[in-house]
Amino acid sequence: MQKKLDSLLKAAGITLPDRQKQQLLGYVGMLDKWNKAYNLTSVRDPQQMLVRHILDSIVVNPHLQGKRFIDVGTGPGLPGIPLAIVRPDSHFTLLDSLGKRVRFLRQVQHELGLTNVEPVQSRVEEFPAEPPFDGVISRAFASLQDMLSWCHHLPAKGQGRFYALKGVRPDEELTQLPPGIELESVVRLQVPELEGERHLVILKAN
């Protein structure tokens with residue numbers, strides 16, 4: 001697993017300290033173990049988890065701005081846990097409505113010694129953003145419209161951003177953005193060994 005992670009990181013042009021690599025591998029180990037009982041992800045193979053969960057999350061890191069982030073519909077902690085590992089100076093609130101997922105996240109937090117994450121069990125519309133966040137991240141929403149509708153109260157006005165992880169570039173959705181939302185950029189993400197396209201849509205909340 002260590003060799004596989006090293007080769008993926010090298011292919012992606014990402015350099016990480018050993019401690020962060022060990023934390024990422026520890027997270028995959030826990031995800032694999034808990035998945036057998038809790039069905040946290042449809043990805044069963046730990047090697048594939050490295051590609052589809054770890055690399056697919058941390059390639060977002062260079063594009064994030066700010067220190068306080070919320071991962072909405074985080075599931076088993078994606079992309080929030082891998083991002084928290086590689087951004088130890090930032091804080092990540094991990095929001096999910098299912099108790100079993102939040103229990104898993106708390107165990108990950110404890111075992112990996114992550115002091116910069118806060119797992120929260122809540123529906124997004126009931127979660128108060130006090131203070132508002134620098135960034136709202138998600139790969140859980142089917143559409144940008146859904147994300148903006150459910151999460152409109154979370155980012156800091158004028159400087160907060162939405163970071164939506166998508167497959168193909170959602171050009172049609174981008175023509176239907178509501179007032180007060182500005183398209184900042186669409187980034188084509190390069191994820192080694194991942195089939196299909198990946199894009200990061202960055203929207204600013206004005």
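Think of each number as a place in line: the chain as shown, counted from 1.
For all residues, glycine too, the Cβ spot is worked out from N, Cα and C.
Record check: Swiss-Prot places G73, L78, V124, E125 at the S-adenosyl-L-methionine site, and the matching candidate among R106, R139 is R139. The binding-site residues examined here are G73, E125, R139; by Cβ neighbour count within 10 Å, the least packed of them is E125. The Cβ of L78 (S-adenosyl-L-methionine binding site) lies under 8 Å from the Cβ of T41, H53, D56, S57, D71, R139, each of these being in the same chain and 6 or more residues away along the sequence.
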